[in-house]
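Single-structure report; data block below.
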Amino acid sequence: MPLYVIDKPITLHILTQLRDKYTDQINFRKNLVRLGRILGYEISNTLDYEIVEVETPLGVKTKGVDITDLNNIVIINILRAAVPLVEGLLKAFPKARQGVIGASRVEVDGKEVPKDMDVYIYYKKIPDIRAKVDNVIIADPMIATASTMLKVLEEVVKANPKRIYIVSIISSEYGVNKILSKYPFIYLFTVAIDPELNNKGYILPGLGDAGDRAFG
């Protein structure tokens, strides 16, 4: 299963600040940017590369690495919470082409944990994805029921990219299993997997509403 939980001391340190309800809006956004950059570098370890030879200023030839896939990256930003996360990803992939998807889910407040939520895509602008060439990275800080992500994946899978990556900060166990059971070939990168969802579909312990905490 291509699931990567990046639970290193530095990522968990940043995540702890994100979870803290006393972290202010500016620092919340900055920490999302920091994690986006780190997760981008982790993704780069799975991209195609070639061994090359270069000559140093001292006239000595040496072997090196050229990550060829750095020229074949498309980042899709699920508005609005993913904006700082994508800012960090772009620091790792400065040549990436970008797309945006605006999606909203119908809020629920029942007695039981929702297994699916109605999602409406109100805006979509995605660059052409080259089949079996481009690596598509879909960014969303929180994967709860995975209803939004599955809706976006329906669009991306049709383009038949080389690889599809999902980047999140916190994912629920339910959401991860739901995505990877339907699309077992997808690479899912997250910092933490939380065990529960509440009756509104929010992750517990989570970090609250990422969009509201980042932008008010």
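Along the chain as shown, the residues are counted starting at 1.
From the backbone N, Cα and C atoms, a Cβ is placed for every residue, glycine too.
The Cβ of G88 (CTP binding site) lies under 8 Å from the Cβ of L32, V33, R34, L35, G36, R37, I38, L39, G40, each of which sits 6+ residues away along the same chain. When secondary structure is read from DSSP and collapsed to three states, G88 (CTP binding site) falls in the helix class. Taken from Swiss-Prot, the feature CTP binding site covers R29, K30, R37, E87, G88, L89, L90, K91, A92, F93, P94, K95, A96.
What Swiss-Prot records for K30, N31, L32, V33, R34 is GTP binding site. Secondary structure from DSSP puts K30 (GTP binding site) in a helix.
For the recorded site, M142 (5-phospho-alpha-D-ribose 1-diphosphate binding site), the DSSP three-state label reads strand. Around M142 (5-phospho-alpha-D-ribose 1-diphosphate binding site), taking its Cβ as the centre, 25 other Cβ atoms fall within 10 Å, counting all chains. Annotation source Swiss-Prot lists 5-phospho-alpha-D-ribose 1-diphosphate binding site at R80, R105, D140, P141, M142, I143, A144, T145, A146, S147, T148, D209.
The Cβ neighbour count for D209 (uracil binding site), using a 10 Å radius over every protein chain in view, is 12. According to Swiss-Prot, the feature uracil binding site maps to I203, G208, D209, A210.
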*Could you give the Cα-Cα distance between K30 (GTP binding site) and A92 (CTP binding site), in whole Å?*
15
*Consider the binding-site residues N31, P94, A96, D140 and say which one has the Cα lying nearest the Cα of I203 (uracil binding site).*
D140
_Cα-proximity to M142 (5-phospho-alpha-D-ribose 1-diphosphate binding site), 10 Å cut-off, over binding-site residues R29, D209, A210_ = D209, A210
